[in-house]
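Sequence annotations record features per position, and here TrEMBL assigns heme b binding site to A:GLY264, A:SER265, A:ALA266, A:HIS358, A:ASN363, A:PRO364, A:ARG365, A:ARG376. Feature annotation from TrEMBL assigns protoporphyrin IX binding site to A:GLY264, A:SER265, A:ALA266, A:ARG324. Among the features that TrEMBL reports, compositional bias 'Basic and acidic residues' is placed at A:53-64. Annotated domain 'Dyp-type peroxidase N-terminal' per TrEMBL: A:89-239, in sequence order. If you look up TrEMBL, you'll see A:255-438 marked as domain 'Dyp-type peroxidase C-terminal'. Taken from TrEMBL, the feature region 'Disordered' applies to A:44-81, A:323-342.
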Amino acid sequence: MTKDSKKKAGAAQDYGCPYASRRDLLFGLAGAGGAFALRSGGAFAKDAPVSEPQKKTERADETSGRQVADAPSGSGNTRDRVPFYGEHQAGVITPRPATGIVASFDVVARDPEDLEQMFRKLTDRIAFLTQGGKVPQLDPKLPPADSGVLGPVIEPDNLTITVGLGNSLFENRPWLKPHKPKQLVRMPEFPNDALDADRSHGDLSLQFSANLLDTNIHALRDIVKNLPEFLVMRWMQEGDVPVIPPKPDGKTESARNFLGFHDGSANPDSNDAELMEEVIWVDEKDDEPEWAYGGTYQAVRIIRNFVERWDRTPLREQERIIGRKKNNGAPLDGGDRESEVPDYAADPDGKLTPLDAHIRLANPRTEKTRENLMLRRPFNYSNGVTKSGQLDQGLLFIAYQADLDKGFVTVQRRLDGEPLEEYIKPVGGGFFYVLPGVPEPGDYLGRSLIEAASKTSDDKPT
Amino acid sequence: MSLTRILCALTFALLLGAGGAQAQSNQASLELVEPLAEYKLYVAEHTASLVEDTKEFVGAIKDGDVEKAKSLFAPTRRNYEKIEPIAELFADLDVSMDSRADDYEKGEADPNFGGFHRIEYVLWEKNTTEGLDKYADKLLADVIELDSRVSELTFPPEIVVGGAAVLMEEVAATKISGEEDRYSRTDLWDFEANFDGSRKIFELFKPLIDDEAFIAKVESNFADVYEVLADYQTEDGGFVSYEKLTDMDRRVLSAKVNTLAEELSTLRGRLGLG
Ligand code: HEM
């Protein structure tokens, strides 16, 4: 620990700021006070030492000490399996593997029975695809049951498929509308946005992530093939993040995005189950319909980066725009590690970290702005070339939070007009509500919603 | 063309193993003869009306009657769209009659872009018949050539049976979005004709399929697409502009077409035509 960061951690505690560095606390200041700070305060991803005993959650992978936005270690194996059954869907607080896809669909379902059938089929496919197994062999005169992209035996390859529902699914169906999650809206157009209708919104989102891109592609094709009567594809975006083996001391770093900066450094600690309950998972504390407990809001943004222009920008300016150092991800007010915590109180005029730096606007780290936390799980994308002959690259931004207004929407409103906007252009995405998990075999995704909806349609006077 | 003549020719072809039926027992092949012959009649009927209708269409173009030519465009094409499931049997004519501007690197500027869609382009985008004479003549020549070829054409069973699914694939891939009749917006006419053509094949071979659940599913999906289209039908049996199709209905059509493509893709295998 550097002298500097110790000072900061101390200072943070002095005025009750919850953003004390968890690592600093554990390494130096741990004790009753430290433990308290941990519970009530914000514990951030990079602050969690790998050695800390982890809280038990249902999924083994979530106790591995890896953070959601850590660079995948490259030790990934096609046999890696993320359990499907659980209180929450996988793929939200699950450490991000190397590749991801977000696909958006329109749903054809006229009544609760149709929708239930769709959810059951989707559940079957996801359970199979994420756990793996043999592909059934059919009469060779028939089209094969499976695309064959992964061969005759499907290896799970760390695959998760996370299902979210969009505003239009509810709005266009009177029997579903009363059950819409309170904050679910069609994603508004923010001032810097230039939304492309062909890459925006949708009734249902599927987030695929796996070690290998082909595993995602295989799963997507399987679902398209098996649910044609229910799902019409609108758009999809692929992405990936660089694989970086852990350092000799076991430490992992956040992956870098296409602006060349570490991305995910200040994510909330996804191994802190209580923190995840608070920040990510919807439950009694939230003003939401009961069926939605165990779910979360997903904000997807396809954000183009003007990389040629960025690469022609002086380094110092790049760092002041982001608010972190490019080579190591450390904050601008000291330290040399991305885990260091900036002390904005000591820099009220923005001499070290400009007041309009991306990270300072996104998270001013005050007592009040603690309620605006979210978990970011992005991928980088590269889509070829634009008409003007520039690279079409950017960030497939994906964020999860229990409160969409306080999370993504508030943070984006604070970021509106930030200097980074010169270099980025959001062109697509959507807001979705991630369904609660499937607790056990026999159950299905969306059951609580279907039960709620069937009740209303039965109650209706005929 | 008489049914008996076709039946004899087909039986002969099948028994000789022409048309890829080699692997099948003669018994199974023989079962296919009747529906194949019926299908050939269906095709011949439509190529014959295609010739008649095209003559009138071409006449209107030559008379310089833009409005009449426009009104005849969709009804004339309809004959062709119904037999499109087997277009691969006359691929050269298909390219000549029914290719789209996107099939040419220079698009509409390419003089080789001809056929129905060149005429459509000039009628609607330029609102004239000027310069269309040579394209109209060529279209009529192609149509007549097609009609005369049909009687001699071998109808391999796997192509006919497979055609039902192939056409749904085409609709799903490049028609549902309204790319086909982009100038005239008469796409819904084509949709109906395509569904008719695909369903005809299904209906003809249905008696040979021993799977009631499958049959019921396909029938209900066809019923659904006709139900959607019915909302857009005009009193004279035509259709309103593609632009009137709501997003919701386009989605339903898209889902049903993909489901039909998925289901009908098993038709060949179910009939033993690997
Ligand atoms: C292409 C667009 C974006 C790029 C390149 C970008 C890049 C970065 C980088 C490099 C960091 C610092 C490392 C870290 O803590 O992860 C960061 C932090 C952050 N970003 Fe972004 N970001 C983008 C869009 C967004 C959007 C749309 C939001 C939300 C509306 C957002 C919210 C945040 C938050 C909350 C932090 C953490 C701040 C902290 O707690 O210190 N970012 N971003």
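Indices start at 1 and increase along the chain as displayed.
Yeah, the Cβs are placed from backbone N, Cα and C, and that goes for glycine too.
Under DSSP, A:ARG324 (protoporphyrin IX binding site) is assigned to a strand (E or B) in the three-state scheme. Highlighted here are the binding-site residues (A:GLY264, A:SER265, A:ALA266, A:ARG324, A:PRO364) whose C-beta falls below 6 Å from ligand 1: A:GLY264, A:SER265, A:ALA266, A:ARG324, in sequence order. Pairwise Cα distances among A:GLY264, A:SER265, A:ALA266, A:ARG324, which the record gives as the binders of protoporphyrin IX, peak at 12 Å. Cα separation, A:GLY264 (heme b binding site) to A:ARG324 (protoporphyrin IX binding site), rounded: 12 Å. Just so you know, the Cβ of A:SER265 (heme b binding site) picks up 24 other Cβ atoms within 10 Å once every protein chain is counted. Ranked by Cβ neighbours within 10 A across all protein chains shown, the binding-site residues A:GLY264, A:PRO364 are led by A:GLY264.
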